[in-house]
């Protein structure tokens, strides 16, 4: 018995998330356009490979910003026939694309820095000037401010993609600090510091690319939610009225959200409709209290992790035929039969019709005989009730 989230589940505050993501990313685009232009221009004029590398880094930030904008647009679309769980994994795919882009940029900068570091010494006439240091410091301040703004926006809407982009800006601030130190050292006569700073920036970008890429691949391959999220989800499910216990709780990431599969244990003798009600209640509690985009709640009468033998027992048609055979020539008919599959056994509630005052005593005796025959059957391991009705 399952209660499933409708395929067109609507994410809460989608429009707000989209607006915040677009606004913060466009601010990042504007900052990076200005910084990249100034860094590359001054870096070339001031003969600073490190500053040029940092400018290229800012250009890569522009590419990542556009990836975020594209992913934000597609990931918030409603579920459809091709994507019944929605499009949130566009965010994970965007993070992977961002990681590959950063890896390429970082590797190129690392190679260029190492090549210059071990190549011919720089021309003394090409020592970076004070303008290069000033631009590096301005870039440091701008990127740190951008990081704080973007991080606040990301956490406000609980978007891991936006938070990753914010930390990207923080890494830019760190790289700008390295560049400023390298350029200043080069001006002081330590010419090797400028290409060394460029190589270090490249290495930092490669490290960040690895972290983004590893996380994106993990999410695309159904990584579970964090331990804290799982614990909170477990607590919510166990607090559902009618739920006796919980097992087989599984989660997987879908963008910033979570998909949940869980088995709830309930009273084994309640009706199917009440079990469905409990499952629906549990599902709605999850959607309301957590970042869950989809939930499948399976209702169990007992712990099927321990007892998996129930699937080996015969079904209703086989059992009814056996019951009729056991009743033999009794002048009664099976009115209704309720079967309970519990503890690896079959418990039957049998309701008979066709009994009147004239034959009640005779039928009652024969029913007892039939009851004994049923109990001897290999399929009926146990009988809880055998009830006679007129």
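Think of each number as a place in line: the chain as shown, counted from 1.
Every residue gets a Cβ built from N, Cα and C, even glycine.
What TrEMBL says about a protein is an automatic prediction, not a curated fact.
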Transmembrane segment per TrEMBL - which of 196-218, 219-241: 196-218
From 131-151, 257-277, 278-298, the residue range that TrEMBL assigns the feature transmembrane segment: 131-151
TrEMBL annotation of transmembrane segment - which of the ranges 153-171, 172-190, 305-323, 324-342 it falls on: 172-190
93-111, 112-130, 359-377 - the range that TrEMBL marks as transmembrane segment: 93-111
Candidate ranges 2-25, 26-49 [criterion: TrEMBL lists as transmembrane segment]: 26-49
Top partner of the transmembrane segment (93-111) among 26-49, 131-151, 172-190, 196-218 - counted as Cβ pairs under 8 Å: 196-218
Chain residues in Cβ proximity to the transmembrane segment (196-218) (below 8 Å; excluding those fewer than six residues from its ends, i.e. six or more beyond): 49-50, 52-54, 57, 60, 92-93, 95-96, 98-103, 105-114, 116-117, 164, 167-168, 171, 174-175, 178-179, 181-183, 185, 253
Cβ-Cβ under 8 Å with the transmembrane segment (131-151): same-chain residues at least 6 beyond its ends: 24, 27-28, 31, 35, 38-39, 42-43, 45-46, 48, 50-51, 54, 58, 162-163, 165-167, 169-170, 172-173, 176-177, 179-180, 183-184, 187
For the transmembrane segment (172-190), distant same-chain residues with Cβ under 8 A (at least six beyond the ends): 46, 48, 50-51, 53-54, 57-58, 61, 122, 127-130, 132-133, 136-137, 139-140, 143-144, 146-147, 196-198, 200-201, 204-205
Helix-strand-coil residue split for the domain 'Cation efflux protein cytoplasmic' (226-302), DSSP-based: 30 helix, 28 strand, 19 coil
